[in-house]
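Asker: Sharing the feature lines straight out of Swiss-Prot:
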type	residues	note
TOPO_DOM	1-307	topological domain 'Cytoplasmic'
REGION	1-49	region 'Disordered'
REGION	61-91	region 'Disordered'
REGION	169-194	region 'Disordered'
COMPBIAS	175-188	compositional bias 'Polar residues'
TRANSMEM	308-328	transmembrane segment
TOPO_DOM	329-688	topological domain 'Extracellular'
REGION	334-363	region 'Disordered'
COMPBIAS	341-355	compositional bias 'Low complexity'
CARBOHYD	Asn408	N-linked glycosylation site
CARBOHYD	Asn431	N-linked glycosylation site
CARBOHYD	Asn459	N-linked glycosylation site
ACT_SITE	Glu491	active site, proton donor
ACT_SITE	Glu590	active site, nucleophile
CARBOHYD	Asn609	N-linked glycosylation site
CARBOHYD	Asn635	N-linked glycosylation site
Amino acid sequence: MSGPNRTYSFGEGDDGLAHPSSRTHAMHSQYDDVSPISDGARMNPMNGQGMDHGLASVLEDGRQGWGRSPEPSPSLLTGSSATPGMDNLGPGAVGGGISGIALSVANSHDRLSGVEALMGTDGQEANIPAERGLSTTGSDNPYVPEPPEYRYSYGSNIALGAAAAPAGQLTPGQSVSHLSSTNPSQRNLYDIPYQDVGGLNAGPYQRHSAYSSNDLPVDINPDEIVDDGDDGFVPAPNSGSGARKSQAIPAAAGGAAAGGVLGNLGGLFGGKSAADTSYGPVPGAGLEAGEKGRWVKPKPGGGNKKRGWIVGAILAFIIIGAIVGGAVGGTIGHRGNEEPSSASSASSSSTQTATEDTSVNGDLDKNSAEIKALMNNKNLHKVFPGIDYTPWGVQYPLCLKYPPSQNNVTRDMAVLTQLTNNVRLYGTDCNQTEMVLHAIDKLEIKDMKIWLGVWIDSNETTSRRQIDQLYKIIDDAKDISIFNGAIVGNEALYRAGSDKTSAQTTLINYMQEVKDHFKKKNIDLPVATSDLGDNWDATLVQAADVVMANVHPFFGGIPVDQAAAWTWRFWQDHNVALTKGTNKKQIISEVGWPSGGGNDCGQGANCPNDTAGAVAGVDELNKFMEDWVCQALDNGTDYFWFEAFDEPWKIVYNTGKENWEDKWGLMDSARNLKPGLKIPDCGGKTAT
């Protein structure tokens with residue numbers, strides 16, 4: 001994920017698909033182990049109305065093998081249709097991208113889509129967009145319980161996905177090592193992000209080791225950071241918001257800020273400054289390049305423009321310092337020196353720089369005591385088809401001064417190999433892909449595959465650097481079979497704002513260039529892109545070899561007991577349906593749930609209480625995994641879980657009561673499984 005709340009529309013769009021209600025569904029009697037949920041009506045937490053639920057079942061149109069065939073249950077829809085709204089990354093987020101912070105990060109930027117999408121259409125009923133598949137019942141969904149009423153969905157925040165921390169460029173040859181507490185690259189901007197600090201609430205677990213100290217973070221002067229001028233950043237003016245009480249600088253923009261460059265955030269690929277009018281209850285403020293921020297209603301009269309720029313400049317300066325410190329802290333040795341739960345780490349008792357790590361521990365491999373301990377965690381199960389991953393410290397250009405640690409990547413891969421056989425990267429900067437390949441080689445992992453990531457930015461310099469590095473990686477690879485494909489861009493269309501048409505053309509051109517290079521080199525690898533589920537249309541489907549959609553029920557304000565069903569239903573109706581009549585594969589490229597930090601009620605509105613909507617927490621994360629993971633494994637749903645490890649530096653993107661940006665991992669930054677969290681074992685079945 002990448003950016004504040006991403007939205008998903010239920011519009012027909014250019015795909016020309018018929019309204020869901022017009023489809024005839026044939027049920028199949030499969031997976032009889034899917035049991036019905038409670039008898040009787042369930043209360044809709046959003047409106048208090050009773051909702052009848054039936055059993056999970058399957059549709060014939062491309063949904064084979066998705067459950068048993070119970071009697072169709074009545075529609076769960078009511079007379080209202082909630083519409084959340086935003087998502088991720090700004091063009092400032094340079095190359096490589098980090099896994100992402102979480103949605104609230106981009107609250108300062110409009111979702112770039114608005115209520116205008118509803119204008120000029122004939123709603124099926126009051127306040128319900130005609131393009132929505134409102135008549136589809138939950139009986140066609142293999143997950144239990146069934147989905148709630150249709151509503152606009154969100155994607156991951158800037159915090160999530162690539163937006164989290166834009167990754168950087170190829171790192172000069174450096175020896176592998178650890179990160180030290182005296183090195184800025186080893187420290188988080190805030191030493192104790194999980195403890196109560198001001199408005200920041202403690203997470204489900206406390207900080208350890210390097211993070212538990214009370215030392216002040218190392219100051220970093222952004223003027224000392226190398227910059228190639230390709231990462232523009234400017235904070236959004238502080239607009240009055242009826243939809244959000246707090247706003248945050250987008251993760252991608254924040255990453256760009258690390259370079260110390262202030263610039264106008266135009267639409268992706270030179271997009272216009274007009275806000276996207278596709279979705280959302282309130283028109284945007286025209287910052288299409290911003291992350292997936294919630295809708296921000298402009299102040300009447302426009303406010304004082306000059307004062308706004310002054311305040312913006314000051315805020316930008318502050319954010320630059322924060323992001324620089326936070327991003328640099330991405331390579332914290334905390335990961336390398338903590339012992340994993342149920343596994344004893346044999347080395348790394350103190351934080352070290354990358355070079356010091358190698359000097360002390362050597363180039364870690366499968367025979368290293370520390371690695372053996374990490375690879376023997378009985379609480380981890382290989383039940384995820386894929387996991388989104390970005391190594392720490394790969395923000396460009398910070399990685400040029402504070403190189404990431406090879407040993408830390410090796411440690412991460414030792415853990416990831418117990419969860420999945422498939423890892424997705426977001427960019428090529430800072431040697432991140434090469435480090436992952438080296439780790440796989442040292443660990444002698446034979447069944448791990450990689451989806452290569454290429455960060456596409458509004459600045460051609462960034463995109464060019466990323467693509468050229470992809471070519472080098474492919475050309476230098478000893479064995480191409482380790483790669484599953486290349487993902488060119490993450491949520492590029494979302495970040496394009498209202499100028500999606502030209503952005504799509506540019507994106508498709510980049511994809512075609514990569515395809516041509518592969519063909520020239522006789523490389524048979526699929527080329528795709530990942531974006532919000534509702535940003536896909538027939539044109540993009542035709543250009544991509546694989547349809548990859550980021551779908552986050554949390555940002556849609558979906559109660560966790562309905563989240564799994566909602567996710568599958570949304571994906572089926574908006575993405576799988578687009579591939580009907582083709583042989584193209586569909587993958588959910590990001591899906592997950594935060595382990596703490598508040599709750600989200602969608603629509604850009606404040607929650608009435610702390611239990612409304614989607615609640616972040618370990619119990620809720622367990623519930624979502626319980627409803628999603630094993631059933632997805634049984635029915636063959638292909639997806640990437642977001643994400644394996646927390647990224648504490650992202651605390652800088654937490655705002656008000658939305659403190660989940662740094663809490664999307666199954667494990668903390670030290671690779672400890674979070675207290676109380678249980679990864680399903682699915683009866684011993686594993687992902688292949």
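Yeah, the Cβs are placed from backbone N, Cα and C, and that goes for glycine too.
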Asker: Quick check on the active-site residues: of Glu491, Glu590, whose CB has the lowest count of neighbouring CB atoms inside 10 Å?
Answerer: Glu590
Asker: Could you give the mean pLDDT over the topological domain 'Cytoplasmic' (1-307), rounded to a whole number?
Answerer: 35
Asker: About how far apart, in whole Å, are the alpha carbons (Cα) of Glu491 (active site, proton donor) and Glu590 (active site, nucleophile)?
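Answerer: Glu491 (active site, proton donor) and Glu590 (active site, nucleophile) have their Cα atoms 11 Å apart.
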Asker: Taking the Cβ of Asn609 (N-linked glycosylation site) as the centre, how many other Cβ atoms fall within a 10 Å radius?
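Answerer: The answer is 9.
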Asker: I need the most crowded of these glycosylation sites: Asn408, Asn431, Asn459, Asn635. Count other C-beta atoms within 10 angstroms of each C-beta and give me the top one.
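Answerer: When each Cβ's neighbours within 10 Å are tallied, Asn408 tops the list.
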Asker: Using C-alpha positions only, work out which of the glycosylation sites Asn408, Asn431, Asn459, Asn609, Asn635 is nearest to Glu590 (active site, nucleophile).
Answerer: Asn635
Asker: About how far apart, in whole Å, are the alpha carbons (Cα) of Asn635 (N-linked glycosylation site) and Asn459 (N-linked glycosylation site)?
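Answerer: Cα-Cα, rounded: 41 Å.
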Asker: Could you say whether, by DSSP, Glu491 (active site, proton donor) belongs to a helix, a strand or a coil region?
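Answerer: In three-state terms, Glu491 (active site, proton donor) counts as coil.
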Asker: Please classify the secondary structure at Asn635 (N-linked glycosylation site) using three-state DSSP.
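Answerer: The residue in question, Asn635 (N-linked glycosylation site), is helix (DSSP, three-state).
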Asker: Given the glycosylation sites Asn408, Asn431, Asn609, which one's Cα is the least distant from that of Asn459 (N-linked glycosylation site)?
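Answerer: Sorting the glycosylation sites by distance from Asn459 (N-linked glycosylation site), the top entry is Asn431.
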Asker: Taking the Cα atoms as reference points, how far is Asn431 (N-linked glycosylation site) from Asn609 (N-linked glycosylation site) in Å?
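Answerer: Taking the Cα atoms only, Asn431 (N-linked glycosylation site) lies 45 Å from Asn609 (N-linked glycosylation site).
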Asker: At the level of the C-alpha atoms, what whole-angstrom distance separates Asn408 (N-linked glycosylation site) and Asn609 (N-linked glycosylation site)?
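Answerer: Pair distance, Cα basis, whole Å: 40 Å.
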